[in-house]
Amino acid sequence: MTAVTTAPASAAPHTVTLPPRSWRTPIVLAVAAALTLVLFGFLGRDETTDLVWSGSGDAVVVPATTVVPRVLALVLGLVALAVAAWAVFRAWKRQPVGIWASIVVAIAFLFSLMTWVGAGNQVLIPFLLTNTVALSTAIVLGAMAGVIGERVGVVNIAIEAQLLGGAFTAAFVSSTTHNQIVGLVAAMVTGALISMVLAAFAIVYVVDQVIVGVVLIGLVTAVTRLLYATVLGPDSGTFNNPGTLPKIRIPLLADIPVLGSVLFEQRLTTYLMFLIVPAVWFVLFKTKVGLRVRALGEHPQAADTVGIDVNRWRFWTVTIAGLIAGLGGAAMTIGSVGAFVNEMSAGNGFIALAAVILGRWHPIYAALAALLFGFASAFRIWTNQAGAAIPTDLIEMTPYVVTILAVTLVAGRVVGPRATGKPYIKG
């Protein structure tokens with residue numbers, strides 16, 4: 001017999017799927033670099049600008065820096081253009097660009113813009129930074145409430161209502177009890193109660209979460225307007241005179257040049273914000289409780305199979321998020337202006353939701369995004385005071401334009417928790 005040898009079958013060719021090239025970030029960086037060069041460089045202004053780094057009460061005074069806006073913009077624009085070119089190269093090689101490139105280009109654009117606006121005058125860096133932190137506090141706390149809610153699977157559209165309700169309660173209770181700490185606690189309780197209403201309808205009665213949130217915003221707005229017109233307005237000295245929390249200065253740390261007074265000479269609400277952001281990050285990503293919360297937002301059915309009561313956990317987690325949002329409301333009254341004004345939340349709840357999306361549902365990144373929006377508001381205030389040749393209405397639009405642009409740039413690139421907005425029905 002003759003043995004028959006069969007040739008081995010040739011192996012199927014192995015195909016490698018390359019990731020798609022992402023051009024959005026390089027294009028945005030290139031446009032920002034080009035605007036810096038053209039608008040503030042080639043078409044810039046030649047009057048000198050003083051960059052003031054220290055406040056009047058700082059223990060260590062950093063000398064002001066005098067620059068020519070056109071020259072500075074040309075230098076920074078070239079740096080930004082080089083970074084944009086590097087981003088294009090990375091995108092062509094299908095490699096990630098990295099967040100540092102966006103930070104460098106953003107700093108180049110902002111400094112060019114600030115020196116252009118302040119040409120012939122001063123740019124008060126401590127003023128901008130201090131107001132950025134102050135104006136960001138409510139947005140950051142609202143964003144933390146949004147991150148927690150969406151991580152557990154509930155879209156908290158009602159952040160605006162929680163901020164507004166907390167602001168009203170803080171002003172009213174602080175005025176009537178003459179105790180701002182009591183007002184602070186009352187604001188947090190108000191935020192939690194509004195969250196409980198949202199959770200009851202959205203989780204227990206399976207009503208659309210967005211609809212419930214919008215209704216709550218309208219309800220809280222109407223109630224606060226009514227109470228302001230009938231109670232706070234007619235006798236503001238008794239019911240709408242809470243004052244503001246005193247600034248707490250931390251010795252030695254507050255004397256650090258430039259950033260000392262910005263970070264270590266703040267009110268209680270801001271210090272609580274500094275603590276809450278890392279605390280939310282730690283609980284969500286470093287504890288078993290956080291693992292359960294994230295599981296409820298990603299795979300509630302899997303969480304149910306291991307014995308987790310999905311709806312109970314969602315209900316109380318959203319309630320805790322309301323406590324944080326209520327604190328954000330208090331930051332707007334006793335932590336800032338010292339009185340309640342109709343509709344003073346002014347869309348900050350929606351901006352907080354935008355910060356959640358821009359921050360990719362991560363507490364640290366969401367807080368940084370909220371600081372961006374706070375800077376836009378601080379820039380608006382400073383621009384008005386600097387007497388810039390920019391229409392007032394356009395300046396007033398700045399925070400909202402920044403919000404729209406930021407969300408547009410990340411739209412389609414980030415995906416939230418899979419079960420967000422989806423009610424869980426056992427069985």
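Glycine is treated like the rest: Cβ placed from N, Cα and C.
What you see is a predicted model, and the numbers here were worked out from it, not measured in a lab.
What TrEMBL says about this one:
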- 27-44: transmembrane segment (TRANSMEM)
- 71-92: transmembrane segment (TRANSMEM)
- 99-117: transmembrane segment (TRANSMEM)
- 123-147: transmembrane segment (TRANSMEM)
- 154-175: transmembrane segment (TRANSMEM)
- 181-203: transmembrane segment (TRANSMEM)
- 210-231: transmembrane segment (TRANSMEM)
- 268-285: transmembrane segment (TRANSMEM)
- 315-334: transmembrane segment (TRANSMEM)
- 365-382: transmembrane segment (TRANSMEM)
- 397-416: transmembrane segment (TRANSMEM)
Query = Which bits of the chain, at least 6 residues beyond where the transmembrane segment (315-334) starts or stops, bring a Cβ under 8 A of a Cβ in it?
reply = 137-142, 144-146, 148-149, 152, 154, 156, 159, 162-171, 174, 180, 183-184, 187-196, 198-200, 203-204, 242-245, 267, 269-270, 272-273, 276, 280, 293, 296, 340, 344-345, 348-349, 352
Ask   = Under an 8 Å Cβ to Cβ limit, what residues of the same chain, 6 or more beyond the ends of the transmembrane segment (154-175), are close to it?
value = 138, 142, 145-146, 182-184, 186-191, 193-195, 198-199, 202-203, 209-210, 212-214, 216-217, 219-221, 224, 227-228, 231-232, 238-243, 314, 317-318, 321-322, 325-330, 332-334, 339-340, 343-345, 347-350, 352-353, 420-421
Message = If we skip the immediate neighbours and take only residues 6+ beyond the ends of the transmembrane segment (123-147), which ones have a Cβ under 8 Å from one of its Cβ atoms?
response = 49-55, 58, 114-115, 117, 156, 159, 162-163, 191, 195, 258-259, 261-263, 266, 269-270, 273, 276-277, 280, 284, 321-322, 324-325, 327-329, 331-332, 335-336, 345, 348-349, 351-353, 355-356, 359, 361-363, 366-367, 369-371, 373-375, 377-379, 381-382
Message = Below 8 angstroms Cβ to Cβ, which residues of this chain, lying six or more residues outside the transmembrane segment (210-231), approach it?
response = 155-158, 160-161, 164-165, 168, 172, 194, 197-198, 201-202, 239-240, 340, 342-343, 349, 421
